[in-house]
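Novice: Have a look at this one before I ask anything.
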Amino acid sequence: MAKIINFNDEARKKLEIGVNTLADAVKVTLGPRGRNVVLEKSYGAPLITNDGVTIAKEIELEDPFENMGAALVKEVAIKSNDVAGDGTTTATILAQAIVKEGLKMLSAGANPIFLKKGIELAAKEAIDVLKDKAKKIESNEEISQVASISAGDEEIGKLIAQAMAKVGETGVITVEEAKSLETTLETVEGMQFDKGYVSPYMVTDSERMTAELDNPLILLTDKKISSMKELLPLLEQTVQMSKPVLIVADDIEGEALTTLVINKLRGTLNVVAVKAPAFGDRRKAILEDIAILTGGEVISEEKGMKLEEATIQQLGKAKTVKVTKDLTVIVDGGGEQKDISARVNSIKAQIEETTSDYDKEKLQERLAKLSGGVAVIKVGAATEVEMKDKKLRIEDALNATRAAVEEGIVAGGGTILLDIIESMKDFNETGEIAMGIEIVKRALEAPIKQIAENCGLNGGVVLEKVRMSPKGFGFDAKNEKYVNMIECGIIDPAKVTRAAIQNSTSVASLLLTTEVVIANKKEEEKAPMGAGGMMPGMM
């Protein structure tokens, strides 16, 4: 396929148009007075959103060179979203500002390699200053403030803070669509998995159709149980101890199931059998998780173990187990805390190593069930369009909250970026490296100016007023006042700001050192052949 090649300023100008087109579409969403963007969908209703990365992902430009510029800034938003889960609009604005300032200097004859070095020096220093200024989250109220600012809704902020308080830092919080107008929070204690009793005759409460076992013994096996002979030695011991039993196996069928049900109905045995959750290797891993949580052992054929030789010591324990037709919940397992902690650390290491989003999600679920619990935020809305927008806001707020817990908080509303400029050390650099440092300093002013402009105010005037204000003061865009940002609860996660600075400077500095841009030449569509002429005399 033939290629089109652009060089020097011509190449960079085309890239800049793409950068500006995408950034201008995204930056209108910044701050509490930010606007929404409507995205056409190939099916269903349009999506109305103010989520930077969602908007960026939708943008494709017709001109291939401009599209490459847009794609580079799109990468900034996506990377920031992957690292911190929020701050994508800030990252996009910073990238646009660096490209704009940098291209001005290149047009004046600056060396792009030295400019890049200056940008990298300034970015590193900015991140070091940011880390020094970050304040550890100390209260549930601060978690609520971070979530409220990210979602643009105080009620959502409170809901997320409640969820974090219930499941802890390592617990999983999921977002689902509700069937009502209200947004609510549900929490699940203990380990829950999506498998219920294999027979309804095993219930202990026939009205609610649930089986509840107090202080049960828990038999775990990856084996399919079809013969009662395998279970008999172990069950005889549990009957002597008058203990209820939960059996978690690959499957329970045939004679074994019939005998268990008959003995349950006669009152000889208090037993509930459920199938093990998941499939294949994931099933084995979850069975091991349950074993560690309950202090038991998986009776595994792979390890050469036989069910008929299993002992009471190999069974797990729990305070209570509740089983419905499609759910099993184990509360207060009897496992050793050191074993559980070791398993948690092992799963965390696997999360760090995996590149698959699906595997990561499943590992996070296992981690939550072992260490904290699960909270579900059920999102209610009047229409599907509102539902999608609300869901995106809550997901962003959740990510921002986790980021704040991880690396602390800083003054919000772009105030920290001005603080960083003033606190940066003197680099003692001259020439084009100093110009690169100056590019970053000017770019860090862009977010606060944009927040003001989205309020209908002059960004330059607001910037100067903040500069003249006491330390820690910034622009409260919601109320259009100059206040102490942290005292008023206008805070941002340090991790989100760090990701925005890192990703914007990285991509923008690479764009500035671009000298040639190569794109595929579109093949012209051949015109369809016209209809053949008619023979003389034919109608």
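Note: Cβ is positioned from N, Cα and C throughout, glycine not excepted.
So Swiss-Prot lists the following for this protein:
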type	residues	note
BINDING	Thr29, Leu30, Gly31, Pro32, Asp86, Gly87, Thr88, Thr89, Thr90, Gly413, Asp492	ATP binding site
Novice: Relative to the Cβ of Thr29 (ATP binding site), which residues of the same chain, six or more apart in sequence, are found under 8 Å away?
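Specialist: Sequence-distant Cβ neighbours: Arg35, Asn36, Val37, Thr49, Asn50, Asp51, Gly52, Ile55, Thr89.
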Novice: List every residue in the same chain as Thr88 (ATP binding site), at least 6 positions away in sequence, whose Cβ is under 8 Å from its Cβ.
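Specialist: Thr88 (ATP binding site) has long-range Cβ partners Val26, Asp51, Gly52, Val53, Ala56, Val76, Ala77, Ile78, Ser80, Asn81.
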Novice: Going by a 10 angstroms cut-off between Cβ atoms, which of the binding-site residues Asp86, Asp492 has the sparsest surroundings?
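Specialist: Selected from the binding-site residues Asp86, Asp492 on minimum Cβ neighbours within 10 Å: Asp492.
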Novice: Per DSSP, to which secondary structure element type does Asp492 (ATP binding site) belong, with helix, strand and coil as the options?
Specialist: strand
Novice: Have a look around Gly31 (ATP binding site) and count the other CB atoms within 10 A of its CB, chains all included.
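Specialist: There are 27 of them.
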Novice: Rounded to whole angstrom, what's the largest C-alpha distance between any two of Thr29, Leu30, Gly31, Pro32, Asp86, Gly87, Thr88, Thr89, Thr90, Gly413, Asp492, listed as binding ATP?
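Specialist: Among the residues the record ties to ATP, max Cα distance equals 16 Å.
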